[in-house]
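Colleague: Reproduced below are the annotations present in TrEMBL:
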{"type": "DOMAIN", "residues": "2-158", "note": "domain 'FAD/NAD(P)-binding'"}
{"type": "BINDING", "residues": "A11, E32, L40, V76, W361, G368, V369, I370", "note": "FAD binding site"}
{"type": "BINDING", "residues": "H147, G148, N149, V150, R191, R192, E203, G368", "note": "NADP(+) binding site"}
Amino acid sequence: PRLCVVGSGPAGFYTAQHILKHHGGARVDIYEKLPVPFGLVRFGVAPDHPEVKNVINSFTQTARSERCSYYGNVTVGRDVTVAELRQAYHAVVLSYGAEDNRVLGIPGENLDGVYSARAFVGWYNGLPENRDLKPDLSCDTALILGHGNVALDVARILLSPLHLLRKTDITDSSLAALACSKVKRVWLVGRRGPLQVAFTIKELREMINLAGTRPVLNPADFTGLENAVKDVPRPRRRLTELMMKTALEKPGEKTAEVQAAAPREWGLKFQRSPHEVLPTTDGRRARGVRMALTRLEGLGDSAKAIPTGEMEELECGLVLSSIGYRSLPLDPAVPFDTQRGVIPNSSGRVEGVPGLYCSGWVKRGPTGVIITTMNDSFDTAQSVLEDLQAGVLDMSTSREGFGAVESILHSRGVRPVSFSDWEKIDAAEVARGKAAGKPREKIVDPQEMLQLIGH
């Protein structure tokens with residue numbers, strides 16, 4: 001069987017990995033729109049979390065397998081259609097992730113100084129489309145809308161001491177911008193309460209222990225939660241207890257001294273929903289956010305935030321919206337649920353289109369960590385293997401695979417990038433990084449990448 005996977009992030013690689021491991025004869029081609037592979041492992045994981053990027057080693061093993069090929073610099077839906085891929089392969093798996101963000105849908109969100117966290121993360125991680133973001137960091141207070149891990153990542157990068165960031169693979173230009181940053185206070189605002197935050201304890205602990213910063217949590221937000229946390233699952237309980245301890249316990253003398261001397265601070269604000277981004281007098285820039293105060297109806301994860309009618313204003317010159325990523329339809333030939341931002345599917349089998357599958361965020365929505373995506377992708381790969389075994393996929397005709405796609409791409413003037421091409425780009429990045437005392441210096445311009453490999 002000849003199979004192809006669209007997207008070379010964790011979902012794509014884990015899907016390919018599982019199929020190759022459990023089917024001795026399958027060949028898998030991976031298509032990627034950028035010249036460089038690994039998706040959010042490269043462009044989403046925070047630069048100061050290098051251990052999370054270790055999965056790249058196993059993805060590299062997969063890509064080097066003689067039954068696997070990587071074709072970068074190919075945009076499916078534009079350079080080659082899904083219908084054309086389905087002609088060339090026995091099965092096609094869409095694993096292209098979530099390349100957009102949810103919008104707030106409030107007045108003022110297009111003012112200068114308001115950015116999506118997705119674009120901000122892409123900017124400091126070298127995602128080509130965000131390389132010219134130039135966020136204005138000249139204010140002292142930033143407001144992040146959202147209580148997830150991405151919100152904490154962004155807060156941590158804004159407040160991290162430069163000597164810590166200098167040792168990471170953060171891009172040179174964002175490091176220069178952060179060196180001139182005036183931001184010294186970051187508020188993370190959420191519509192619901194402490195029991196509904198979406199970040200995890202590891203990220204929270206890292207934030208609490210961040211050098212040169214002190215946490216500002218309002219004790220009133222946590223009083224009376226002791227009883228409420230008794231019956232919640234253990235991860236949620238430990239997370240809430242850490243927030244409570246930080247808010248309610250008097251720090252020891254040494255800690256108190258260190259915190260008092262800390263030049264920067266961050267805090268969590270709860271039960272506030274953004275109502276409007278307030279403009280400066282010239283109407284061009286953000287100067288604050290008007291919040292609707294909320295009350296919670298229901299319990300636990302299903303609690304809903306209902307506006308109380310009261311409002312509050314928070315001053316800030318930088319607003320980062322971290323309310324979730326969003327998948328986009330890739331090709332008119334593929335069914336898409338615009339409400340949920342996913343491809344309608346059952347165990348990864350795309351509804352009504354035999355031989356078409358999906359995995360990762362475009363399959364289940366933009367939630368979870370790399371391990372969640374791994375399990376999800378194995379589930380889709382299993383569906384493909386079952387369908388091969390049950391004869392659902394028509395194997396009677398041989399498919400040309402990349403041979404057929406190559407001539408289509410050639411006729412459209414598209415030159416794919418191979419995995420060994422990527423390894424040349426990788427080596428160049430590592431060499432540039434070495435000179436600067438970093439693990440790598442990412443190349444952020446696709447044209448420069450292509451020139452480097454003689455395209």
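Note: Cβ is positioned from N, Cα and C throughout, glycine not excepted.
Where the annotation comes from TrEMBL, it is an automatic prediction and has not been curated.
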Colleague: Please name which of the binding-site residues listed here, H147, V150, R192, is nearest in space to W361 (FAD binding site), Cα against Cα.
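Modeller: For W361 (FAD binding site), the spatially nearest of the binding-site residues is V150.
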Colleague: To the nearest whole angstrom, what is the C-alpha distance linking N149 (NADP(+) binding site) and L40 (FAD binding site)?
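Modeller: Their Cα atoms are separated by 14 Å.
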Colleague: Rank aside, I only need the closest one: which of the binding-site residues V150, R192, E203 has its C-alpha nearest to that of G368 (FAD binding site)?
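Modeller: The smallest Cα gap between G368 (FAD binding site) and any of the binding-site residues is with V150.
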Colleague: If you count Cβ atoms within 10 Å of each one, which of the binding-site residues E32, E203 comes out on top?
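Modeller: That would be E32, with the highest Cβ count within 10 Å.
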Colleague: State, in Å as a whole number, the widest CA to CA span among the FAD-binding residues A11, E32, L40, V76, W361, G368, V369, I370 given in the record.
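Modeller: Between the most distant Cα atoms of the FAD site, 25 Å.
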Colleague: Restricting the comparison to the binding-site residues E32, V76, I370, which residue's C-alpha is spatially nearest the C-alpha of R192 (NADP(+) binding site)?
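Modeller: Closest recorded candidate to R192 (NADP(+) binding site) by Cα: I370.
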Colleague: Quiz question: given the binding-site residues A11, L40, V369, which has the greatest number of C-beta atoms lying within 10 angstroms of its own C-beta?
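Modeller: Output for this query is A11.
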Colleague: With H147 (NADP(+) binding site) as the reference Cα, tell me which of the binding-site residues A11, E32, L40, V369 is the closest one.
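Modeller: That would be V369, nearest by Cα distance.
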Colleague: Given V76 (FAD binding site) and E203 (NADP(+) binding site), what distance in Å do their CA atoms have, once rounded to a whole number?
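Modeller: Here the two Cα atoms are 35 Å apart.
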